[in-house]
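Heads up, the thing below is written out as structure tokens.
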Amino acid sequence: MIATLERREGVSLWERFCAWITSTENRLYIGWFGCLMFPTLLTATSCFIIAFIAAPPVDIDGIREPVAGSLLYGNNIISGAVIPSSNAIGMHFYPIWEAASVDEWLYNGGPYQLIVLHFLLGVASYMGREWELSYRLGMRPWIFVAFSAPVAAASAVFLVYPIGQGSFSDGMPLGISGTFNFMLVFQAEHNILMHPFHMAGVAGVFGGSLFSAMHGSLVTSSLIRETTENESTNYGYKFGQEEETYNIVAAHGYFGRLIFQYASFNNSRALHFFLALWPVLGIWLTAMGISTMAFNLNGFNFNQSVVDSQGRVINTWADIINRADLGMEVMHERNAHNFPLDLASGDVLPVAFTAPAVNA
């Protein structure tokens with residue numbers, strides 16, 4: 001018997017690091033995108049928690065009227081928020097080193113930019129990490145494609161909309177009531193409820209919820225029983241089993257008779273692709289709608305579109321919505337402008353037909 005001895009080539013530290021980063025055997029996959037995702041998301045999360053608890057008031061409108069958003073300044077979980085950067089900063093990149101002091105940076109809302117930019121980098125890297133892990137495991141890339149919808153939505157409200165409006169102060173506040181305020185002001189300024197892409201997004205989200213509930217209830221109702229009546233049907237499933245866990249023929253027959261035959265899928269793969277596609281497509285369209293309205297390509301305007309034979313306006317729901325929009329428009333940033341643009345854009349009306357006589 002002959003034994004052959006070979007000198008083992010040394011593996012460099014960099015090669016071992018690369019193997020560890022890209023290994024699918026780790027309990028938590030890191031990946032090259034993870035090298036960017038973990039630090040950015042940790043930074044955004046840490047800054048958000050600190051700012052939500054203790055950040056001082058921010059001069060959001062740039063008119064020396066600070067708005068308090070943190071818990072230590074009198075807010076609660078519902079009313080609290082990280083206030084967007086000041087309108088005095090606009091779209092300027094505003095890291096800590098650009099301010100004269102940390103106090104100035106906090107007063108002008110610097111934490112908002114720090115959180116938003118790190119968050120967007122983090123979620124984009126998370127999306128890339130999904131693709132990377134799918135590639136390593138030989139899977140198809142649809143998980144990454146589906147997650148692109150919420151990434152597009154977040155990018156629209158946190159980055160594209162401020163770019164279009166010219167200031168980070170128009171971005172969505174990082175809080176519950178701040179989100180509601182953003183929605184109301186968005187409706188007042190852009191009539192988003194009358195935008196077709198927003199309508200598609202509503203159909204996507206609510207339709208996706210409906211289809212998810214329908215699919216889950218159909219599957220749960222047609223499970224193949226593997227247990228006794230005294231045991232949970234969940235115990236009849238073994239992880240990784242090859243057999244079907246529910247009777248798709250029974251589910252197809254039930255739903256086909258409940259609605260009509262062709263409303264029911266007879267292909268499980270096509271069904272699940274549809275369940276993924278519907279909400280993703282809706283959220284994509286909503287993000288596109290926000291991005292177009294960012295540059296003031298607004299929703300449909302049907303105001304005063306119905307008149308009688310005498311030319312008098314017959315109000316429709318469009319006019320009712322417009323009246324609500326005007327109310328929200330004049331109420332927000334009430335000290336930032338003395339004459340809102342929407343109210344100043346009508347025809348000039350004469351206040352006197354003749355000039356008064358002036359006696360010398």
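Placement of Cβ uses the backbone N, Cα and C atoms for every residue, glycine included.
Computed from a predicted structure; not experimentally measured.
Per Swiss-Prot, the features are as follows:
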TRANSMEM  29-46  transmembrane segment
TRANSMEM  118-133  transmembrane segment
BINDING   H118  chlorophyll a ChlzD1 binding site
TRANSMEM  142-156  transmembrane segment
SITE      H190  site 'Stabilizes free radical intermediate'
TRANSMEM  197-218  transmembrane segment
BINDING   H215, S264, F265  quinone binding site
BINDING   H215, H272  Fe cation binding site
TRANSMEM  274-288  transmembrane segment
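Annotation for H190 (site 'Stabilizes free radical intermediate'): spatial neighbours M293, N296, N298, G299, criterion Cβ-Cβ under 8 Å with sequence separation of six or more. Counting every protein chain shown, the number of other Cβ atoms lying within 10 Å of the Cβ of F265 (quinone binding site) is 19. Between H272 (Fe cation binding site) and H215 (quinone binding site), the C-alpha separation comes to 9 Å. Counting in whole angstrom, H118 (chlorophyll a ChlzD1 binding site) lies 44 from S264 (quinone binding site) by their C-alpha atoms. Long-range contacts of the transmembrane segment (274-288) within its own chain (CB-CB distance under 8 A, at least 6 residues past either end) are made by residues 142, 145-146, 148-150, 152-153, 155-156, 197-198, 200-205, 207-208, 211-212, 215, 265. Comparison of 29-46, 142-156, 197-218 by number of C-beta pairs under 8 angstroms to the transmembrane segment (118-133) places 29-46 first. Binding-site extent for quinone: residues H215, S264, F265, maximum pairwise Cα distance 11 Å (rounded to the nearest whole number). Cβ atoms under 8 Å from those of the transmembrane segment (29-46) belong to residues 20-23, 114-116, 118-119, 121-123, 125-126, 128-129, 131-133, 136 of the same chain, restricted to positions at least 6 beyond its ends.
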